[in-house]
Amino acid sequence: MNAKIVVLPGDGIGPEVTAEAVRVLEAVARRGGHALSFTERLMGGCSIDAHGTALTPEVLADCQAADAVLLGAVGGPKWDDPRAKVRPEQGLLGLRKGLGVFANLRPVRVHPSLLDSSPLRPEKLRGVDIMVIRELTGGLYFGQPKGRDVKDGHARAVDTLEYQDFEVRRVVELAFRIAKGRKKKVTSVDKANVLESSRLWRELATAIGQANPDVALDHMLVDTAAMRLVTSPATLDVVVTENMFGDILTDEASVLAGSMGMLPSASIGEQGPGLYEPIHGSAPDIAGKGIANPVGTVLSAALLLRHSLGLEPEAAAIERAVDQTITDGCRTADLGGKLSTRAMADEILKRLA
């Protein structure tokens, strides 16, 4: 297979972890006889410094023309002024919109060797294997009208929570397709006791559930879901929810694994390139020290192979190598170990079958 991958290292530790993920992808490609080409481009704070914008039209066009996009991280204190007109995160939102991705997939699996690394008791974590699917293009983050003004002498801010039926259907249908390859259970999270948009969401999810009787569907209010994630996470399989709820719940779920550096994500649409990135931030406090955990980015590369290139054996090989590396006791600083970013990737490469 020939494939073009755009790499957006971004800010902070982004360049360090993406470099190791590219090494792993190159190794897998050599073994499988695939020709993967990698092109690096600027996005985020580094792009603001160089071009005055977080995402240039040229970089977006390159990403749209690629087979997949691998992202490191964006943002940092240098650009962290909420009053700024240009912020690194705008690049990420623009990229998602430009690529047409509508669903963010975040697998959360607790490795048996890392049960003691989580703030939760080990007995609550055994068997945790969750796929959280977050809708990406609707809701409060994109609804209009949006803005600030003065009304009756008082400052006012407005955000709009809006969903159209097709936006809900496509992400819930994706959740059911994914569930059929797992434990055949979907939990749809909403706030239908208060929000009209959540009532529409629940109605549509119910209809999709009726059309897929082989998959169990249950509805859960978002506050209950937040509690379930820390009281009995092993009871959850595929969780699907709207944009802001998903943003919050996925960050909560990330602590289950013991370190945010362990977890990958994939943002996919109906067609076109997917966007793959670790869930952690730019971690400016450790940037340049060579101690960041590359596992989340390496596992994001595995998702890239699976969802954008259709290379399931190669994706599974990376995941097995990561599992064995963790089982063998290899750890970066976030997990109480001493391995550098490069050394951790070296250990993964040694175990690639």
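Each Cβ is built from the backbone N, Cα and C atoms, and glycine gets one as well.
Taken from Swiss-Prot, the feature NAD(+) binding site covers 76-89, 281-293. Secondary structure at Asp80 (NAD(+) binding site), taken from DSSP and collapsed to helix, strand or coil, is coil.
A sphere of 10 angstroms centred on the C-beta of Arg134 (substrate binding site) encloses 26 other C-beta atoms. Marked as substrate binding site by Swiss-Prot: Arg96, Arg106, Arg134, Asp223.
In three-state terms derived from DSSP, Asp247 (Mg(2+) binding site) belongs to a helical segment. Around Asp247 (Mg(2+) binding site), the C-beta neighbours below 8 angstroms that are at least 6 residues distant in the chain are Arg134. Annotation comment: Swiss-Prot describes Asp223, Asp247, Asp251 as Mg(2+) binding site.
Among the features that Swiss-Prot reports, site 'Important for catalysis' is placed at Tyr141 (among others), with the record citing sequence analysis. Counting every protein chain shown, the Cβ of Tyr141 (site 'Important for catalysis') has 16 other Cβ atoms within 10 Å.
Other Cβ atoms within 10 Å of the Cβ of Lys191 (site 'Important for catalysis'), summed over all protein chains shown, number 18. For Lys191 (among others), the entry in Swiss-Prot reads site 'Important for catalysis', with the evidence type sequence analysis.
In terms of Cα distance, the recorded positions that sit within 10 Å of Asp223 (substrate binding site) are Lys191, chosen from Ala84, Tyr141, Lys191, Ile291. For the recorded Mg(2+) site, residues Asp223, Asp247, Asp251 set the reference point as the centre of their Cβ atoms, and the other residues of that chain within 8 Å of it by Cβ are Val222, Ala226, Met244, Phe245, Gly246, Ile248, Leu249, Thr250, Glu252. Around Arg96 (substrate binding site), taking its Cβ as the centre, 19 other Cβ atoms fall within 10 Å, counting all chains. The two recorded residues Ala84 (NAD(+) binding site) and Tyr141 (site 'Important for catalysis') have their Cα atoms spaced 17 Å from each other. For Ile291 (NAD(+) binding site), the number of other Cβ atoms no farther than 10 Å from its own Cβ, over all displayed protein chains, is 20.
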